[in-house]
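Working notes, beginning with the structure itself.
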Amino acid sequence: MPVVSLAKVVTSPAVAGDLAVRVPFIYGKRLVSNRVSFGKLRRRSCIGQCVRSELQSPRVLGSVTDLALDNSVENGHLPKGDSWAVHKFGGTCVGNSERIKDVAAVVVKDDSERKLVVVSAMSKVTDMMYDLIHRAESRDDSYLSALSGVLEKHRATAVDLLDGDELSSFLARLNDDINNLKAMLRAIYIAGHATESFSDFVVGHGELWSAQMLAAVVRKSGLDCTWMDARDVLVVIPTSSNQVDPDFVESEKRLEKWFTQNSAKIIIATGFIASTPQNIPTTLKRDGSDFSAAIMSALFRSHQLTIWTDVDGVYSADPRKVSEAVVLKTLSYQEAWEMSYFGANVLHPRTIIPVMKYDIPIVIRNIFNLSAPGTMICRQIDDEDGFKLDAPVKGFATIDNLALVNVEGTGMAGVPGTASAIFSAVKEVGANVIMISQASSEHSVCFAVPEKEVKAVSEALNSRFRQALAGGRLSQIEIIPNCSILAAVGQKMASTPGVSATFFNALAKANINIRAIAQGCSEFNITVVVKREDCIRALRAVHSRFYLSRTTLAVGIIGPGLIGGTLLDQIRDQAAVLKEEFKIDLRVIGITGSSKMLMSESGIDLSRWRELMKEEGEKADMEKFTQYVKGNHFIPNSVMVDCTADADIASCYYDWLLRGIHVVTPNKKANSGPLDQYLKIRDLQRKSYTHYFYEATVGAGLPIISTLRGLLETGDKILRIEGIFSGTLSYLFNNFVGTRSFSEVVAEAKQAGFTEPDPRDDLSGTDVARKVTILARESGLKLDLEGLPVQNLVPKPLQACASAEEFMEKLPQFDEELSKQREEAEAAGEVLRYVGVVDAVEKKGTVELKRYKKDHPFAQLSGADNIIAFTTKRYKEQPLIVRGPGAGAQVTAGGIFSDILRLAFYLGAPS
């Protein structure tokens, strides 16, 4: 068998191919050699010469625990325990020379007696090293220029950080390493293949270089500092699942040996890399540096492990998906483990295992924000001072790009081994099961797998259960694609009743359909599967419900006229109070009129919405507007607020409710329009968790609808509803006294802004008729607006006037009739009032001008007040009366605002 000389990779041969490679190398002053092998290396007569020629300056390529060192050190026993603090800095933290200086400053500032610092490669370097391997395997000559880029990156960083002997020494080692890498990559280039050992060796160099540079920078501060090649100490055993398990016994022995030769108060250790028991270089795979730090922390029995990142700590949810996510002050080991498993950017679950054994707390800190205290992960503390001390749920996490596999059939019940057969088939294709849910009836089993693996899983199951499917024992193997998992995590869930109810209630109110549910008996998490498109909205909904953020509503305002504009101003003025005291965030993300609309995902600046509407508004498009308000996945709940009197807009309500958009409106057209449309909307409202509020349709800001509902819901029976429902007509007849003519009072009201631009819209009685129709329907009567008797106060000859001006000009000609009715009423000690009546006993309604005694509540009104009297079974002798302003922009907008807040409370805001 041909033998090729290279540099040492292992201290025993690794049999991976048909060509053994003998690799001599020089480390310090000692020459050793060993055997490694290339897989499927093409035999060539010149292979030895080709590879040997690449070796300019042989250097160490593997673990060297058995080698002598150049510099003798004072022998000493390794002191373990609380005197040690362990820090881990990721690639972003050591991404350039300035950041390495910042890291050194943190290390120097730590007043712990002894410090071990674990570092990753500089940012992107590990990816660059993998890219070198890929290029060499592909026989792409550009690996040489890419390697030069790696050299230059580290050379430039070293020049910026070091000087004198430290710089010369590091650059010499760097150049030697680059030459050896060049030889290794040349061998990979020739073979067209890199074994795992060769790959691990190549990619581990980034950590070697960053550790040496950081150690040199710390020494510039005059401190006793050395660096550790973790391959000399850390021993791991590869597993069948492409992971590694630490060998603590062997690692302890090697650490003791290493420390007797390298005792120092500060040790800078390489993360990510280690050795096998056979001294073959390996890595701890992705996220391995955190794992390295945890293992080292356990080996040194440190008092704390601090993992430095570029975030302030562990968040209650992904802040990219939930903008109001908060940094948690504490997490238990189990909570961190669960959140990591379900995709939270905390730690890899295996990182927690080594430190749990010795109760070593982990602190997640931000290297770019040293003032932030971070998150401590430790054993659960009964009196923990965390965010929301008694919060049963600490946080939420999601996993996307999953598919749900449902195996269903009556033949599964009571048959031993069915579940085993299912998951054996899944294992055979190498698929990873994320979540399992089984019905207690044993009729079905469903589980979630990554979407990229579901095709293989489906084929394996159909093959395994072909006979059972043909025989009817299994009814189907169903694949549900485009799914996501949402998990709620909290150790206190187990001792807190009602957590599940709150969780599922929040999802229901956000109109989220759940595909599958799983919860272990430990109750550390509740897991649900939802549609991928609903995932962010579901996350926001549950996050809000557990008080970890505000209850947030995406608000779309339709009709920014007098009422809508006043509402926007009220929301602007009250926004801060709502957020601070009630945890409600009303985010107006859209405003549309008949010609222009304005939209902003983060929320429109209400201090200048009028200006923005003019400058940035685009052409109005109701369908586009609707999709925008509904499609904002960052806000789980959306509401359309219709401030118009447009029948076309009202016809959209059913579709909005069907799409999960709540509706708030003062527009009377939907509830007083065609009866079938009204019944359809109310039926949908009752069957879904989508809300429809319309208090302002009858009494502006007065609680008319809510009072009526309260009476009915408590078992009272409506006999009669009678009232003055129009603020305009109330004002007219309250001031139609003495010798004043009716036309004079109408002109005065129009001038004061109490009437519509065309007063005939008020005098026709249609507005009152709509309110009577609404109240009749709320009372259970099936009345139609068209069949309601309405007394029109517009004289017939004037109903066809071409303009409001013409009408006002001719109105005095008809004053005599109403003046006569007033005189007759006064003679009888009565007054005229324009009222609407719902007669629930006779099942009819009327709108007419009636006379009331002067001591009647209706006769004692002033201004533009409304008054409504409810005569019921309970309030038969003395009606229940609601009285107050029933018109005006401020009170109407206030009524709409009240409905919006009522919706927020329904959705989980604290009351």
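Backbone N, Cα and C atoms are what each Cβ position is placed from, and that goes for glycine too.
Computed from a predicted structure; not experimentally measured.
Listed in Swiss-Prot for this protein:
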REGION    83-331  region 'Aspartokinase'
REGION    332-557  region 'Interface'
DOMAIN    488-565  domain 'ACT 2'
REGION    558-911  region 'Homoserine dehydrogenase'
BINDING   Ile563, Thr644, Lys668, Gly888  NADPH binding site
BINDING   Ile563, Thr644, Gly888  NAD(+) binding site
BINDING   Glu695, Val698, Ala700, Leu702  Na(+) binding site
BINDING   Glu756, Asp767  L-homoserine binding site
ACT_SITE  Lys771  active site, proton donor
DSSP puts the residues of the domain 'ACT 2' (488-565) at 34 helix, 23 strand, 21 coil
Among Lys668, Lys771 [recorded positions], residue with fewest other Cβ within 10 Å:
Lys668
To the nearest whole angstrom, state the Cα distance for the pair Glu756 (L-homoserine binding site) and the residue listed as 'active site, proton donor'.
17
How big is the gap, in Å, between the Cα of Asp767 (L-homoserine binding site) and that of Ala700 (Na(+) binding site), rounded to a whole number?
13
Largest separation between Cα atoms (Å) of residues that the record links to NAD(+), namely Ile563, Thr644, Gly888:
14
So what's the average pLDDT for the region 'Interface' (332-557)?
87
Around the Cβ of Gly888 (NADPH binding site), other Cβ atoms found within 10 Å total 19
Between the C-alpha atoms of Val698 (Na(+) binding site) and Thr644 (NADPH binding site), the distance in angstrom, to the nearest integer, is 14
Rounded Cα separation (Å) that holds between Glu695 (Na(+) binding site) and Ile563 (NADPH binding site)
15
Using Cβ atoms only, which residues of the same chain lie under 8 Å from Leu702 (Na(+) binding site) while being at least 6 residues apart in sequence?
Asn866, Ile868, Val882, Arg883, Gly884, Pro885, Gly886, Gly895
Out of these binding-site residues, Ile563, Val698, which one has the fewest other C-beta atoms within 10 Å of its own C-beta?
Ile563
When you measure from the Cβ of Ala700 (Na(+) binding site), which residues in the chain that are at least 6 apart have a Cβ under 8 Å away?
Pro666, Gly727, Asn866, Pro885, Gly886, Ala887, Gly888, Val891, Thr892, Gly894, Gly895
Same-chain residues at least 6 positions away from Thr644 (NADPH binding site) with a Cβ under 8 Å from its Cβ, in sequence order, are Ile558, Gly559, Gly561, Gly564, Asn667
Count of other CB atoms lying within 10 Å of the CB belonging to Asp767 (L-homoserine binding site)
22
Cβ-centroid neighbours of Na(+) site Glu695, Val698, Ala700, Leu702, 8 Å, sequence order
Ala696, Thr697, Gly699, Gly701, Pro703, Ile704, Ile705, Asn866, Gly886, Gly895
